[in-house]
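What follows is a single structure, written as structure tokens, with notes after it.
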Amino acid sequence: MGQRLSGGRPCLDVPGRLLPQPPTPPSPVRRKLALLFAMLCVWLYMFLYSCAGSCAAAPGLLMLGSGSRAAHAPPALATVSNGTPSRFPFRALPATALAAGKDMAEGAASQEEQSPEAPDSPSPISSFFSGSGSKQLPQAIIIGVKKGGTRALLEFLRVHPDVRAVGAEPHFFDRSYDKGLAWYRDLMPRTLEGQITMEKTPSYFVTREAPARISAMSKDTKLIVVVRDPVTRAISDYTQTLSKRPDIPTFESLTFKNRSAGLIDTSWSAIQIGIYAKHLELWLRHFPVGQMLFVSGERLISDPAGELGRVQDFLGLKRIITDKHFYFNKTKGFPCLKKAEGSSKPHCLGKTKGRTHPEIDPAVVQRLREFYRPFNLKFYQMTGHDFGWD
């Protein structure tokens, strides 16, 4: 059974199956299955991570209006014949009380501007990749106008994968210019190559220093202005202020310097903002009109995909945002997004959009239309676009 070695010691025979065997290399099929399983785990993790963030946010339906916010759409303004009324029924307020009322109205409006609507939280997937890319100064800015539909436009644009926009209004070129461009750049989201950085601050359009300051940053900056019937815009502006300060004077009393003479008070910001031609003159000293896009606030509601098509062309983007991204909310009377950025739920703007407008004396509405008409016609000529407000 055993044999003797040269040293005289016996050696037992050991079966080959008891000796250590070299490991069998994994077959190609097993390697592929392992790789597939790893990819599945990563995908499942990302899916659950995204769902967790969406469920936590659970955004409700919000309304997308260009002006004010509420559960119902603003009622149509009453109109009267084109004749100019010679006198208006009016209960005069003391001059000091009226001036104080204007100050209150301006203060309330300023307070709301300083506390802009909080931006939507970024999706978990967007947050996951937020560390990539770099922060750039904006290549495009929505510069106006207040209560024209700027928030709606920005939220629509954020659906586009090549648009990255800061949510809150930076107010850099009107309030924080002394903080410097480095501070401004740091507010911007990170972007990848081929993406556009944007911001929106509607008060830029009526800030005298803003055109020169933006031009100094970059003469190639693309500017977008969302405009709206100035009469409706003024009433929406007043409605917003009224929601903050219910004790302010009536719209009618704030509109006139002398109501019996029909003299409009252009020092009131709600009126002044709507003189678009006057403000545009300052911008055209620094930017060619071809570098500005004028978006209709009315068409942004009636045909959002059409207006977004113009905006995407202007920005040099592929037309990705189309009719399939919108649905019309009949209850609210405004279009909404079927799926917002980073969400699988329908989305409209916040509950403070779409406030019901107060009823305004039709004679005052008519007088305002007469006041704005020559400015509107000049604005049409300057922009090469008839917005149909007259």
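In case you wondered, yes, glycine gets a Cβ from its N, Cα and C as well.
Curation does not apply to TrEMBL; its annotations are automatic.
These numbers come from a predicted model, not from an experiment.
Between C348 and the candidates C55, C336, TrEMBL records a disulfide bond only with C336.
C336 (disulfide bond) and R151 (3'-phosphoadenylyl sulfate binding site) are 13 Å apart (CA-CA, integer value). Counting every protein chain shown, the Cβ of R151 (3'-phosphoadenylyl sulfate binding site) has 26 other Cβ atoms within 10 Å.
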